[in-house]
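To start, I am sharing the structure in question, which I have written as structure tokens.
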Amino acid sequence: MSTFQAPKGTYDLLPPESAAFLAVRDALAAPLRTSGYGYIETPGFENVELFARGVGESTDIVTKEMYAFETKGGDRIALRPEGTAGTLRATLEANLHRQGNLPVKLWYSGSYYRYEAPQKGRYRHFSQIGAEAIGTEDPALDAELILLADRAYRSLGLRGFRILLNSLGDQECRPLYREALQTFLRGLDLDEETLRRAEINPLRVLDDKRADVRRQLTGAPLLQDYLCAACKTYHEEVRALLTAEDVAFEDDPKLVRGLDYYTRTTFEFVHDGLGAQSAVGGGGRYDGLSEMIGGPSLPSVGWALGVDRTVLALEAEGITLDLPPATSVFAVPLGDEARRVLFTKVNELRRAGVAADFSYGGKGLKGAMKNAHRSGARYALVAGERDLVEGVVQLKDMESGEQTAVALDRITAEVTSRL
Ligand code: ATP
Ligand code: MG
């Protein structure tokens with residue numbers, strides 16, 4: 001034990017469990033990589049204003065959850081709480097949207113930081129896989145992203161999730177709804193802060209998780225009754241495309257999301273085995289964001305999937321991923337000559353694609369075999385002086401204990417044929 005512990009709300013990913021985490025991250029990204037999305041990496045921190053403007057001044061993320069600070073040079077910086085604003089900032093800065101190929105389709109993977117009350121599935125440092133399709137308004141693009149996330153979750157074996165879908169309208173119809181909702185909210189018994197929020201961004205009140213607030217929201221006007229014709233048609237098309245692909249979704253007229261910049265399509269993937277932290281991923285259309293951060297009009301759509309919560313969802317469904325073994329062959333040399341020979345053989349096996357490890361530190365047979373067992377290897381390669389004189393190595397099956405002498409120059413062939 002050292003004097004230090006991981007900061008509150010964070011946890012360390014350690015082997016062997018970290019292998020599953022890595023596999024989840026890969027699986028969530030895999031469908032994107034074969035669907036025209038290019039990989040983007042942006043800094044872990046940005047100018048705090050980017051988030052204030054991009055995520056929204058009235059959101060919990062900006063008002064309560066951001067790690068913001070001033071640098072020694074006087075810059076106002078925030079650790080990124082989400083990936084969309086930085087991705088769009090980078091796109092605009094590099095003029096990716098002017099290279100004639102819209103939409104600009106990007107995916108990313110990384111760490112995000114929010115100063116939240118830590119609980120299971122809610123951390124101050126967490127991982128997301130994100131995807132953004134920038135610069136095109138097309139319901140097929142919204143549908144594509146929902147399909148890709150659905151496929152990603154399914155590829156992991158997850159079945160206990162649901163897709164919630166809604167439309168948030170656009171600059172034409174949302175103001176009318178906003179006013180109607182505001183009038184409704186003013187008549188409720190709400191605390192000061194919530195009333196203030198109702199004045200700044202009433203839609204956010206619909207996202208309130210407190211039971212007494214939720215109860216009062218039962219009769220709230222619904223956006224679907226206020227959608228303009230263009231938004232309605234757009235939304236119907238997204239729904240039809242999903243239905244044609246056999247993807248089940250639930251219309252959730254109260255679904256709004258924590259970020260201000262969403263317009264039209266909005267969706268969330270929720271898992272029923274996760275308790276209060278049920279959202280494993282979410283996203284939607286953000287047609288106004290580019291202009292909010294000083295860019296041209298670039299209607300866009302994207303999502304972010306939570307890696308940590310997806311791992312928890314697997315646990316909740318009792319799914320163990322079928323991962324390749326960390327070590328298939330463990331070499332146990334007895335003596336200096338054997339050490340040199342087996343070291344070469346281990347490298348040969350690795351070049352042939354076999355996961356192989358070696359007993360370091362000049363251990364005796366007993367200690368080295370203990371390491372071999374702990375490594376989870378299927379086979380041990382044991383060699384002592386007498387074996388080398390005969391030009392062989394003992395290939396030991398760690399499950400059956402059965403041992404076979406294999407000629408030195410046949411080892412890689414023998415091992416690969418058995419694995
Ligand atoms: P919630 O309503 O649970 O706070 P959110 O709407 O703030 O979620 P998004 O900003 O949409 O979440 O982020 C996308 C995904 O990232 C979420 O669906 C969730 O899986 C994950 N996520 C968000 N915040 C956290 C966190 N603090 N810890 C772990 N995962 C998180
Ligand atoms: Mg949140």
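Including glycine, each Cβ sits where the backbone N, Cα and C put it.
TrEMBL feature annotations, pasted as is:
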- GLU82, GLY83, THR84, ARG114, GLN128, GLU132, ARG257, TYR261, TYR262: L-histidine binding site (BINDING)
- 23-324: domain 'Aminoacyl-transfer RNA synthetases class-II family profile' (DOMAIN)
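Provide an account of the burial state, proximal residues and distances for the features listed.
Contacts of ARG257 (L-histidine binding site) defined by a Cβ separation under 8 A and a same-chain sequence distance of 6+ are given as ASP207, THR266, GLU268, GLY282, GLY284, in order along the sequence.
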For TYR262 (L-histidine binding site), which residues in the same chain are close in space, meaning a Cβ under 8 Å from its Cβ, but six or more apart along the sequence?
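Same-chain residues close to TYR262 (L-histidine binding site) (Cβ under 8 Å, separated by 6 or more) are LEU168, VAL256, GLY284, ARG285, TYR286.
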Just name the winner among THR84, GLN128 (the binding-site residues) by count of other CB atoms within 10 A of its CB.
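When each Cβ's neighbours within 10 Å are tallied, THR84 leads.
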Anything from the binding-site residues GLU82, THR84, TYR262 with its Cβ under 6 A from ligand 1? List those in sequence order.
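Near the molecule: GLU82.
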I'd like the number of other C-beta atoms within 10 A of the C-beta of GLU82 (L-histidine binding site), please.
21
What is the pLDDT of the domain 'Aminoacyl-transfer RNA synthetases class-II family profile' (23-324) when averaged and given as a whole number?
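For the domain 'Aminoacyl-transfer RNA synthetases class-II family profile' (23-324), the model's average pLDDT rounds to 94.
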